[in-house]
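As annotated by TrEMBL, signal peptide applies to 1-18. Look at TrEMBL and you will find 51-161 tagged as domain 'Epoxide hydrolase N-terminal'. Annotated active site, nucleophile per TrEMBL: Asp230, in sequence order. TrEMBL lists Tyr377 with the feature active site, proton donor. Sequence annotations record features per position, and here TrEMBL assigns active site, proton acceptor to His433.
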Amino acid sequence: MFLLVVAALLAIVAYYKWMSPKKKDYEVLSQFFLDKDWSLNEEAGDLDQVIRRFEIKIPTEEIEILQDKLKSVRWPEPSLKTSEFRYGVRDDYMKELVGYWKNEYSWKKQEDWMNSFDHFKTKIEGLNIHYIHAKPKMIRKGVEPHVILMTHGWPGSVVEFMDILPMLTDPANYEGNEVDTFTVICPSIPGYGFSDAPQKEGFNAFHCARVFHKLMLRLGYKKYYLQGGDWGSYISTAIAMLYPSNIKGIHTTLNTSQPRGINFLKLIVGAYFPSLFFYPDEAAILFPLKKAFIELLQETGYMHLQATKPDTVGFALSDSPVGLAAYIVEKFSSWTDIKGRNHNDGLLSKYWNKDKLLNNVMIYWWNNNITSSMRFYKENLGPSALRDANPIVVRVPAAFAHFPNEFIGTSKLAVQQKFSRLLQYTLMKRGGHFSAYEVPADLTSDIRLFIRTVQRLEREERAAEIEARDVGVSQLDRMEK
């Protein structure tokens, strides 16, 4: 039976390798270099390049409307007594969260904290793009900060990065030194947070990559690093594909390519003989395949919904703050620790304080853009460039951090398939899908390690070039004599 399975898999691989047509890299990528206008105003484009300071300021009447809605919740059928979080978020947990939201949570306090960061907006391709621009407050002369673009995902927002920003911009106070100093740009994906939503079909990760690269150039950053998780991994990878000469390195926490060819075979054979291809820690992540596949199915129902009919569910989530919170908070439970399904509070009390959960929910509520955020799935998971781009190899220096509670397991082989210059693959000791928000210090350490490695290699390459040049000059001198 095993030999039959292997033979069938070999036939599939052979078909895709030799019979299935494959587009050239430039054929896939060239369509994304052209400017577009995503607003309904065809003349908007990039004519207005002014950068405007932005402050989060929610009107009092909006806050009162939210309070009224929280006071008049129509609760659904009570959760089953023994279901824990296996059927989704429980009503008793949501009643506790809403009670806190209504009576103790202070939006004004959180708004003031969020505004302690420097927010800006600028118009690109017809859309007002919101971003945080975090710079070192003090830096010694001669020290050049690393520039890094950090991109969030769904159902997150730029609020995920607010705890990690001080660690990157002020390393001396967070177990680092001045060589670890960063300037950080955190944009809101169009359709998320305080960025405008695209008003036309088709805005996927590659279009977003172009918009964000334009943002970096507008800010004067021609060379920079990338970091992202969830959709941020896809967008960062797309930037590295489109503009490799501008990218110094890329650090991601979610794999963006599917196993293919020989790596697909290794995955299947590895299910029976894991030690042939995988280290024990990797094998524990990937196998047994049946269990991993079932868990993936259990956790991705939302994806099918959002990749097909995002606007329909948007009506419910846009009208009910409690419904919106339940939809988002459930992901923070299972994607932080899959074992949360077997607990009455989803293990949310263990990993998250309520302010952190609600801050992220509020970003979606105030901007009324849960629908546009879900559309990003349809634009990327339908007939899209992501599938065609799967075989394209990224050739810039790369690092990957696998967090143990990430619900999508990834081996080093799979990451190397996408990133030919993978300098660092780290099996992190703790953390899940929302690593920048949950364990910012751990993510900071891994980013620092990667940047130091890139810098060391750059120094070695420069030294080799100088040595080669000196040898050439020396040989030329001897010839002339």
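One-based numbering along the chain as shown.
Placed from the backbone N, Cα and C atoms, the Cβ positions cover glycine too.
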Is the residue listed as 'active site, proton donor' helix, strand or coil when read with DSSP?
helix
About how far apart, in whole Å, are the alpha carbons (Cα) of the residue listed as 'active site, nucleophile' and the residue listed as 'active site, proton donor'?
12
Just give the helix, strand and coil counts over the domain 'Epoxide hydrolase N-terminal' (51-161), going by DSSP.
37 helix, 26 strand, 48 coil
Distance, the residue listed as 'active site, proton acceptor' to Tyr377 (active site, proton donor) (CA atoms, angstrom)
17
Counting Cβ atoms within 10 Å of each Cβ, the densest environment among the active-site residues Tyr377, His433 belongs to His433
With DSSP assignments reduced to helix, strand and coil, which class does His433 (active site, proton acceptor) get?
coil
I'd like the number of other C-beta atoms within 10 A of the C-beta of Asp230 (active site, nucleophile), please.
22
Taken over the domain 'Epoxide hydrolase N-terminal' (51-161), the predicted model's pLDDT averages 96
